[in-house]
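Okay, so here's the structure we're looking at.
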Amino acid sequence: MTHFLIARLLRGVITVLVAVTATFLILRVMPGDPTTMMLDNRVPEEIRQQLLKDFGLDKDLFTQYLIFLKQLFLGFDLGTSFVQRVPVMDVILSRLPWTLVLMSVSMLITALIGIPLGVIAAYRKGSFLDQAINALSILGIALFIPWLGIILLYFLGLKIPWFPIGGAVTVGLEGWDYIWDATKHLVLPVVSLTIVHLASYVLYMRASTIDVLNEEYIRTARAKGLKERVVLWRHAVRNSLLSTVTMMGLQLGAIVGGAILTETVFAYPGLGRLIYEAVKEHDYPILQGTFLILAVTVVVVNILTDIVYSYLDPKITNS
Amino acid sequence: MKPMNRKNVMLSLLLSASMLAACSSQPTSNGNQSAASPSGTSTPAATTSQPAPASGQPAVGGTLVVGTLSGPDTLNPLVSNTTPGSWVVNNLYPHLMQMDPSGKKVPYLAESVTTSEDGLTITIKLRDGVTWQDGQPITSEDVAFTGQLLHDKKLQWTAEIFDQVAKVETPDKLTVVYTLKGPYPAFSGAIGYWVRIVPKHIWEKVDDPKAFENAEPVGAGPFKLVKYEKGQYIELAAIDKWFSAPGGRPYLDKVIFKIYPDANTMTLALQKGEVDVTSSDLPTSAAKLLATNPSIKVEQTASLGFAYYSFNTDGSKGVSPTQDVNFRQAMATATDRSTILNVALEGAGMQIDTPISPLFADWINPDAKAPAYDTAKAKEILTSAGYSDTDGDGILNAPGSFGGKNVEPEVIYDGANVFHQKVAKILEKNAADIGVKLVLKPVEYNTLVAKVFNERDFQMHIGKWGVLDEPSETFSNLYHSKAKNNMATYTNTEMDRLADGAKYAKSEQIARDDVKAAQALFVKEFPVVPIYVQKFNLAYNADKFGGFTLFPGDLQGLVDPNSLVGVYKK
């Protein structure tokens, strides 16, 4: 088990390094530079050059990269935002909690709905129920988040005013009022993320449960006279969950992509929107910081997935 | 899987468009026209102030929520350079001058600004009794210090204005005297309108004003900062005493700028009453939808800049028809500007002939007109200039002196700008009608800036200027052979003479004469073709709030400090 963990961690560190380097390079290859948005076009060229120098962008790529790595690994410093003039860590920490709440709640709800639906569809394979579940969840994949978001806001925010229109919390609330208000703001973004991501859970779970149900040991379990409920939810689901758990880990990247659109349409102050804004402003330190956090998160989640996996199926650790 | 996805996106866009259309066909009580009615055609900045309630003074109290598409770039008043930044920071830091609703610059923190007869001495008298938010009085020292800091540290483009200053004196606490190296009529207007004054006793202690976050601003204005939640909102609270407030202080208690990155979401929030006024320009479709809502009032304010398409006239990178004045005249004549205005802008704009916006009526040369749309005449110009389809492929060939090849210039523009997309399509057709093939090349905004502004590597491009507030400087800034923003690399000694003449004129009258002469020259040469002045759509909830004043341009709009001080809750 220890050997397995060390190998996984090492691979994780390399992945993060590659991701960080790629981000660093892509940003600098992107056309334009941060002065475009920061300076008025009446600014004389010398002022622009001075600003590039202040940001260290006048040095060659390799020197910039060495400085960046040194700052990151020796000082644990993500730098200062070009535009906002605030340490990147502060900016990220002010946005991260919102994204974490949004992501974890929507992933949890999606799993809680998607997994049972997938199992039921698999068990009733070919039935009307199965087809209905399939059709509805595929419809979800097909929806474009900004469109879905506006529809939800229009009907459940404006026409039937149950939920607020955008934002994370109403200004000036405290205590329980704050929590209740923040929860109300969370509902529609979570609903739209859930609708869009539900299908992959349902379809994965359905496919792997169908496979598992054809396995010999299920027949054995049935032959032993176990109740159908026990066969399905104890024996079959435990095994079919394996591939779904892997999928959940791998999907994290896609979910972040969805978060950019969701946070924009719902005016939600998370990391997705921070990325969107920073790309427009060419705020390299912010982008380097957020992508580092994302890379670390994806790697950590995948390691955790592997650990859960090895718990669900002890054979994994040995291979 | 990929083409399938794209189809889905298209389908959902279509569906959402039909949803918006369905919404806008709701019963109307105040008519569909109000959004489209050109409230600002003749008087570009109509005031929308409503009479105060019958009881006299409006009551104090209430929180106004302003919807904005993005947050301020920074709260540092000396470097902030975005429109959303101005909306917030202008309420926290004062300018010496402010633009009034008619587009004229008038003293604001200054009580008076006078220029000597020879144009060399500018005397600024400050209002007495105005204090910073920490209680210290605002003095001439602060004004002189701010200019010096901007200039020495080169914090923003305004640093350059102070290059013209020979010396600054502060004879008393409320008087600043600038002596200029030469006459420069735009000086007082430019520093007055653009430079935010900062308190010396605070900023002299700042190590690096360029990198200063200014998280706890000590400014002077009708409002002060309470809280800035990044990515969410900026909360401002009223100050007890402000000289420009009709009630002695703002009627409102609080103003909250709330960030909605999606204009559709902001529109829904406005309809529901979660947002009371918008500072960002709304898409025309949203404005039309809102005009059907009896609680919402939609206002239009003309931009202080204009949109154009430009030719590259620089011959140093090889010959091209864009260097030929005949080709440029033909294109200007073939451009159907009224279709552009009615279709691409859905009517939300004004015609413009020269770089001087119709807003500045005193500066307009009535004889300098852009040619009327006339395809036949445009063809004639090209034929007599030697353009003909020598190889029979349906596209004109340039005369030998301009390369002799097919006339098919590439037009680059910002692919994310919906207006410019539509303009490009109309231009493509206009050009095709006279045998010219435009190769449309939409690019991402940063690429456009790099190609056009930094490298000047283009044949034609579509662009726009945001704020051109000093007509005496417009030609010098945009079409002087040495101007940084002369991306067309237009070189004409007569134009240089007129541009310099206007910029450094001894009197405004001389500046005006030179600007008018420059306009006459411009319509013979067309280094760029101005196509329209956009009108921005702003909206507010008239059931809940009154007392707004509409200022020119989206930089001020409805959320200028001089508008917000008069806003009251109904």
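Using the three backbone atoms N, Cα and C, a Cβ is placed for every residue, glycine included.
Long-range neighbours of the transmembrane segment (A:12-30) within the same chain, counting only residues 6 or more positions beyond its ends whose Cβ lies under 8 Å from a Cβ of the stretch, are 61, 64-65, 68, 72, 282, 284, 287-288, 291-292, 295-296, 299-300, 302-303. For A:12-30 (among others), the entry in TrEMBL reads transmembrane segment.
Residues annotated as domain 'ABC transmembrane type-1' in TrEMBL: A:96-305.
As annotated by TrEMBL, transmembrane segment applies to A:98-123 (among others).
Marked as transmembrane segment by TrEMBL: A:135-156 (among others).
Residues or ranges marked as transmembrane segment by TrEMBL: A:186-204 (among others). Distant neighbours of the transmembrane segment (A:186-204): 101-102, 105-107, 109-111, 113-115, 117-118, 121, 133-134, 137-138, 140-141, 143, 145, 148-149, 152-153, 156-157, 163, 168, 243-244, 247-248, 251, 255, 258-259, 262-263, 265-266, 268; these residues of the same chain sit at least 6 beyond its ends, with a Cβ under 8 Å from one of its Cβ atoms.
Annotation source TrEMBL lists transmembrane segment at A:248-271 (among others).
If you look up TrEMBL, you'll see A:291-312 (among others) marked as transmembrane segment.
Below 8 angstroms of C-beta separation, residues 129-130, 133-134, 137, 168, 186, 189-190, 193-194, 197-198, 200-207, 209-210, 213, 232-233, 236-237, 240-241, 244, 248, 255-256, 259, 262-263, 268-272 of the same chain, each at least six residues beyond the ends of the transmembrane segment (A:98-123), sit close to that stretch. Long-range contacts of the transmembrane segment (A:291-312) within its own chain (CB-CB distance under 8 A, at least 6 residues past either end) are made by residues 1, 4-5, 8-9, 12, 15-16, 19-20, 23, 72, 78, 92, 96, 238-239, 241-242, 245-246, 248-250, 252-253, 256, 271.
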